[in-house]
Amino acid sequence: MEKSQSSPTKDASTKQKNVDDWLPITSSRNAKWWYSAFHNVTAMVGAGVLSLPYAMSNLGWGPGVTIMIMSWLITFYTLWQMVQMHEMVPGKRFDRYHELGQHAFGEKLGLWIVVPQQLIVEVGVDIVYMVTGGKSLKKIHDLLCTDCKNIRTTYWIMIFASIHFVLAHLPNFNSISIVSLAAAVMSLSYSTIAWATSVKKGVHPNVDYSSRASTTSGNVFNFLNALGDVAFAYAGHNVVLEIQATIPSTPEKPSKIAMWKGVVVAYIVVAICYFPVAFVCYYIFGNSVDDNILMTLEKPIWLIAIANAFVVVHVIGSYQIYAMPVFDMLETFLVKKMMFAPSFKLRFITRTLYVAFTMFVAICIPFFGGLLGFFGGFAFAPTTYYLPCIMWLCIKKPKKYGLSWCINWFCIVVGVILTILAPIGGLRTIIISAKNYEFFS
C-alpha cells in the first residue's frame, strides 16, 4: 500500500526533473564565474551605450553627469540585491525573476507583477536590437559601397534576423557562451572606438552645449526621453537570476560567490564603456550628436565600418541573452500548462515564431531613439531600479528609517519617477519620427 502511494509522487518528481533538464534556464548548471561576467556585460552594455552622448545632449552637463553616476550606483546596488536573494531560502534556488516575485508577493500576484514587465523588457530589447543590427549592417554597406544601389532598411533587418533563425535553436545559456563572449569583447571594442575616434577628431568647431530644441516643450520632452535612454542602458537585471541559475551551488560554496565576482567585473567594464562614451563624445560634439554616436562619426570610413561590424556581433549575442528567458517562459507554459511533450519540434516552432515576430515589429517601427526612451522608462525602470528594492523590503523587512530602509526607498522613488516620465518623451519621439516614415521603406 505504501509503495503504491509513493509511486505517483516519485513519477511526478521524475517527470518534473525531466522537464527542468529540458528547459533552457535549468538544463545546465556548470557555468564558471567568468561566464556570468561576460553574460552580464553582453546583457548590460548594449545598443544603449551608443545613445548616451545623445542623452547627455538632452540632459545637459549637470543633470547628465548626476543621472549617469546615480544610475550606475543604484543599479549596482539592486543587482547585488538580486544576487543575494537567489538562494535566500535554504535548499531552494529562485532561478527566474518571476519565481523571486512569487516568493515576495505571493504565487499569483508575483506572476502578475513580474512576468508582464519582464516580457516587455526582453521582447522590447530584442526588437530594438533587430533595429540596431539592421541599421548597422546598412551603415557598413553605405560606407564601403558608396556607388551601390540603396537597399532598404527593411531588407537589412531581415538579413540580421536570418542569423537568429539559426542561433535561436541553441538549447540553453551555456550553449551560447562563445557567442556571448564574442559579444562582450565587441561591446568594449566599439565603445572604445566611439570615444577614441571622437578624441582624435578634436572638439567640434562651434560646439554648442545649449538645449537641442527651440521650444520649452521640446526641451522638456527631450529631457524625459533622455531619462529613458539612460534607464535602457542599465537593463541586465532582467536576466541576472537566469544567468545565476547556470552556476553550480553547494552549501559550502553558494552560487552568489561566483556570481558576484562576475557582476563586479561586468560593472567595471560597464563603467569603462559608458562614462567615456557619454562624457567624451558629448564634450566633442555637443548638441549636434546623433541618437547613435556611430552615425555621427563618419570618418575614417574603415574604422567606423569596423565599429558597426562590432555592434552587429554584439547585438547578435545580446539578442540571444534576452531571448533565452522568453524561450524558457514560452516552453514552460506549453509543456507544464498546455501539456505538450518536450521535443525539438515544439522548440523549433516556438523559437522560429518568436524571431519572426520581433523581426516584423522592428521592420514596422525602426525608431532607435524613441524605442530606447519608451521601453527604458516603461519597463526597464521598474525591473531594474525599484522592483528588487520592493522585494528586499518585503522579504528582509529592514528596520524602519534605518540605512537599508532609506536606501531602498530612495531607489524606489527614483525608479517610479523614471517610470512615469520617461515613456512620455519616448512616445513623443516615436510619433514625430513616424510622421515622415513609410512602412517597409
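Residue numbers in this text run from 1 along the chain shown.
Every residue, even glycine, has its Cβ placed from backbone N, Cα and C.
Since this is a predicted model, take the numbers as computed values, not measurements.
Topology note: Asn150 and Ile257 are separated by the membrane (different topological domain names in Swiss-Prot). Here the topological domain 'Extracellular' (198-222) has a mean pLDDT of 80 out of 100.
Among residues of the same chain six or more beyond the topological domain 'Cytoplasmic' (322-347), those with a C-beta under 8 A of the stretch's C-beta atoms are 18-19, 22-25, 43, 96-97, 115, 118-119, 121-123, 125-126, 129, 164, 168-169, 171-173, 176, 238-239, 242, 354-355. Beyond its flanks by at least six residues, the topological domain 'Cytoplasmic' (244-264) meets 25-26, 28-37, 39-40, 79-80, 83-84, 86-87, 93, 95-96, 172-174 of its own chain at Cβ-Cβ distances under 8 Å.
Counting residues 6+ beyond its ends, the transmembrane segment (301-321) has Cβ neighbours under 8 Å at 39, 42-43, 45-47, 50, 125-126, 129-130, 132-133, 136-137, 139-140, 143-144, 160, 163-164, 167-168, 170, 173, 176, 179-180, 182-184, 186-187, 189-190, 193-194, 197, 239, 294 in the same chain.
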